[in-house]
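J.: Taken from TrEMBL, the feature domain 'Threonine/serine exporter-like N-terminal' covers 20-260. Here TrEMBL flags 126-147, 153-170, 182-201, 207-228, 248-269, 281-298, 305-324, 330-346, 358-378, 390-410 as transmembrane segment. Residues or ranges marked as domain 'Threonine/Serine exporter ThrE' by TrEMBL: 289-407.
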Amino acid sequence: MENTDKLISPNEDRFNYVCDFIRKVGKAAHRYGSTSIQLESYLTNLTNSLGYQGIIKVTSNEIIFSFQLDKHSHPLLYLDLLEPSDFNMHRLSLIEHLIQDVIDQKVELAVAINQLLKIEEAVSPWGIIPLALSFSVAGGSFALMLSGSLADVILSAVLGLVVFVLQPVISQYGGKKASKWSPIITSFIIGVLTATAKIYWQEINIVTSTVSALIILIPGFSISIGLIEVFNNHVLSGWSNIMNGLLYLVKLFVGTWLGVLLISTVHQLPVTNESTPIDIVYLYSMLPFILLALCIVFQISKQHLLAVCLICLSSLLGMVGGSILLGTNFGNFIGTVLPVVLSNIWSRKTRQPNSIPLLPSLMLIVSGSIGFRGLAYFSLGEIIAGQQSVVQMFIVAVTMGAGILVGNTLSRTSISL
């Protein structure tokens, strides 16, 4: 009797492997820091490079895949939910390298899919102690940037370390809702510790210390990327990023406010005394450590360290130089254009994602901290100062968006993660 079961042809078998591979690449790359606009272009180009047709749409929380074996076949649709990004540039670099090997036919698809699983378990290039210290350095140095006192800098550095310790603890014991509760729990504990410290150290400025300690978590980059996506007609993804960023910002503020409120109901907090800001010279002397801390936070591979630090430095120089010439907003604009141009050049030369140097560079400009301070001013009854800070947050985001558009116009962008 003749077997009438439909057999899968070798071409269909390869097609299924390609679909599975691209889906896994998309989810992993988004988790490691690739933006929606980059990911759409990259995955579509990757599908074409592997010999098939595909349309991919990416938002902040899902990817829609449409694959076709050929132009006469029916499209195969997938909808995959995305995990929050954790900005691991080392793993993003490994994915880019693996994909190049697949395109060059150095690695079989089945092997590549297994390699993706191994990349998820790749060891940090820096280790736990340098990563913890980088959170501390980021907190203390940002307090310096905000003209904080010695008390603010020391407390922010210590609390930055607390923020680092809390993340894996909340993730371990928070269950499936850990990602939703993490910002509130973390900021609540920071608020409690800051208010408690102020009882014994009156020079502490609660707003400066809390925003500096939480700076790594503040989602200004998400808001800026959302505006850029809206400018590029990625309206759904753009507004999703903006709203997610604002919601995360509100969670951080609410947690901090509740923590400070709890302590203030138990013990009256002293009025902040006039404190002397630390000399700006100390900020300049800390610059190499600040750049190194940023690279460690974003898990930059050691082989890329020097290039990324130099591109981050270009962002700082652009901000300072532009601010001297035409004011702060122009400084933010130039401080965005320079790293975008240099990141694109670096990406073309190394065949690595331009996100690797660009994300830590833009971290120096992000507007979320301004919005956080604006909410803090509102809670203190300083309505005008709060309104000015919130408006300034969006102005910074817009200048960053304009800087990225101009930078990509001045330098040819390569299709990368």
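The backbone N, Cα and C atoms fix where each Cβ goes, glycine too.
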J.: Would you call the transmembrane segment (390-410) and the transmembrane segment (126-147) in contact, using three or more Cβ pairs under 8 Å, pairs 6 or more apart in sequence?
T.: no
J.: Kindly say whether the transmembrane segment (281-298) and the transmembrane segment (330-346) touch, using the definition of 3 or more Cβ pairs under 8 Å where each pair is 6 or more positions apart.
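T.: Touching, no - the transmembrane segment (281-298) and the transmembrane segment (330-346) miss the threshold of 3 or more Cβ pairs under 8 Å.
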J.: Which residue counts does DSSP give the domain 'Threonine/Serine exporter ThrE' (289-407) for helix, strand and coil?
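T.: The counts are 103 helix, 0 strand, 16 coil.
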J.: Using a Cβ cut-off of under 8 Å, list the residues of the same chain at least 6 residues beyond the transmembrane segment (305-324) that approach it.
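T.: Apart from its flanks, the transmembrane segment (305-324) reaches 287-288, 291-292, 294-295, 330-339, 342-343, 346, 350, 356-358, 360-362, 364-365.
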J.: Honestly, do the transmembrane segment (126-147) and the transmembrane segment (207-228) touch, with at least three Cβ pairs under 8 Å and pairs 6 or more apart in sequence?
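T.: Between the transmembrane segment (126-147) and the transmembrane segment (207-228), contact is present.
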J.: Is the transmembrane segment (182-201) packed against any residues at least 6 beyond its ends, judged by a Cβ distance under 8 Å, and which are they?
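T.: Answer is 151, 155, 159, 162-163, 166-167, 170-171, 174, 209-210, 213-214, 217, 248, 251-264, 267, 269-270, 272.
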J.: Can you tell me which of 153-170, 248-269, 330-346 gets the most C-beta pairs within less than 8 Å of the transmembrane segment (207-228)?
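T.: If we count Cβ pairs closer than 8 Å to the transmembrane segment (207-228), 153-170 scores highest.
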J.: Are there residues at least six beyond either end of the transmembrane segment (248-269) with Cβ under 8 Å to its Cβ atoms? List them, or say none.
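T.: Distant Cβ neighbours of the transmembrane segment (248-269) are 183-196, 198-199, 206, 210, 214, 217-219, 222-223, 368, 371-372, 375-376, 379.
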J.: Averaged over the whole of the domain 'Threonine/serine exporter-like N-terminal' (20-260), what is the pLDDT?
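T.: A mean pLDDT of 85 is what the predicted model shows over the domain 'Threonine/serine exporter-like N-terminal' (20-260).
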